Amino acid sequence: MSSKHVAVLLGGFSSERPVSLSSGTACADALEAEGYRVTRVDVGRDVAAVLQELRPDVVFNALHGPFGEDGTIQGILEYLEIPYTHSGVLASALAMDKDQAKHVAKAAGIPVAEALVMDRRSFGNQHPMKPPYVVKPVREGSSFGVVIVKEDQSHPPQVITSSEWRYGDRVMVERYIAGREFTCGVMGDVALGVTEIIPQGHAFYDYDSKYVKGGSKHVIPAQISPNIYQKIQTLALKAHQAIGCRGVSRSDFRFDDRGDGEGELIWLEINTQPGMTPTSLVPEMAQHAGLQFGEFLRWMVEDASCLR
């Protein structure tokens, strides 16, 4: 039993609120089972006042999306001097901005796809890059707003310039990498293993593939050559360290296998607030490495600190 009081931050007001509610509820339940005193905090604009009144020993950050994983809540927790899980202010802000994260990764020698950043409103009838390419919001998660432009499309999709677009005006246009999708979790200074993600009935690992039951198949350990498996783990740890992450992160990759066992391996992005239900990718990897869900969360709580 632990006498620690843990405030689990969940919900919030980003487009990823439903995801956060799932993660936060699962984490709160598991932490209670581990013996912690848990308070669930559905985050609103008054979160600083709520936490000042609660004065928990640790905050478990189960928020996703802007405010929860872009350095904002991390800055509030630093100001309040409450130890918290996951990455700190700078690493969170860097990782949330796909463009900045890509620059840091490239400088660290991590292979990335060619890309450019532009205002989505400047899209005309001309392709900004030779198709196929991917358009993704610079500051969104859960694959919100991701559009794949195929080779046979004569002009960019109108949805990008539509008034109904709600993912910010800065978008990244990135060369599309064919092939298989892999992901690797990092816990502290250890890579947890590599999972292959196989979307079921979807062109890529979109929102439904991630969160709808049966939307994707997770293969762990990934069935891939040992040298590529090890390379993915090495690059995931390298990205975690280059961006300055703490606690847990997850890096996503595409591998275009040319059939020679080598192929092209590309790092796509890093997630400092990966999904945290028992069947989410990183907890699955932790279990594969020998850590049950509750034990994994206990490690995260005991790893919590300020000045992250």
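Backbone N, Cα and C atoms are what each Cβ position is placed from, and that goes for glycine too.
In Swiss-Prot this protein carries:
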{"type": "BINDING", "residues": "128-183", "note": "ATP binding site"}
{"type": "BINDING", "residues": "D252, E269", "note": "Mg(2+) 1 binding site"}
{"type": "BINDING", "residues": "E269, N271", "note": "Mg(2+) 2 binding site"}
{"type": "DOMAIN", "residues": "102-302", "note": "domain 'ATP-grasp'"}
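Long-range Cβ proximity for P128 (ATP binding site), meaning a same-chain Cβ under 8 A and a gap of 6 or more residues, is found for L116, M118, P156, V173. Across the structure, R170 (ATP binding site) and D252 (Mg(2+) 1 binding site) place their CA atoms 21 angstrom apart. A separation of roughly 20 Å, to the nearest angstrom, links the Cα atoms of D252 (Mg(2+) 1 binding site) and V149 (ATP binding site). As a whole-number mean, the pLDDT of the domain 'ATP-grasp' (102-302) in this prediction is 88.
There are 22 other Cβ atoms within 10 Å of the Cβ belonging to N271 (Mg(2+) 2 binding site). Following the DSSP three-state reduction, the secondary structure of N271 (Mg(2+) 2 binding site) is strand.
Put simply, I177 (ATP binding site) is 13 Å from E269 (Mg(2+) 1 binding site) when counted between their Cα atoms. Using a 10 Å radius centred on the Cβ of D252 (Mg(2+) 1 binding site) and all shown protein chains, the other Cβ atoms total 19. You'll find the Cα of V149 (ATP binding site) roughly 24 Å from the Cα of N271 (Mg(2+) 2 binding site).
Cα of S163 (ATP binding site) to Cα of N271 (Mg(2+) 2 binding site): a distance of 28 Å.
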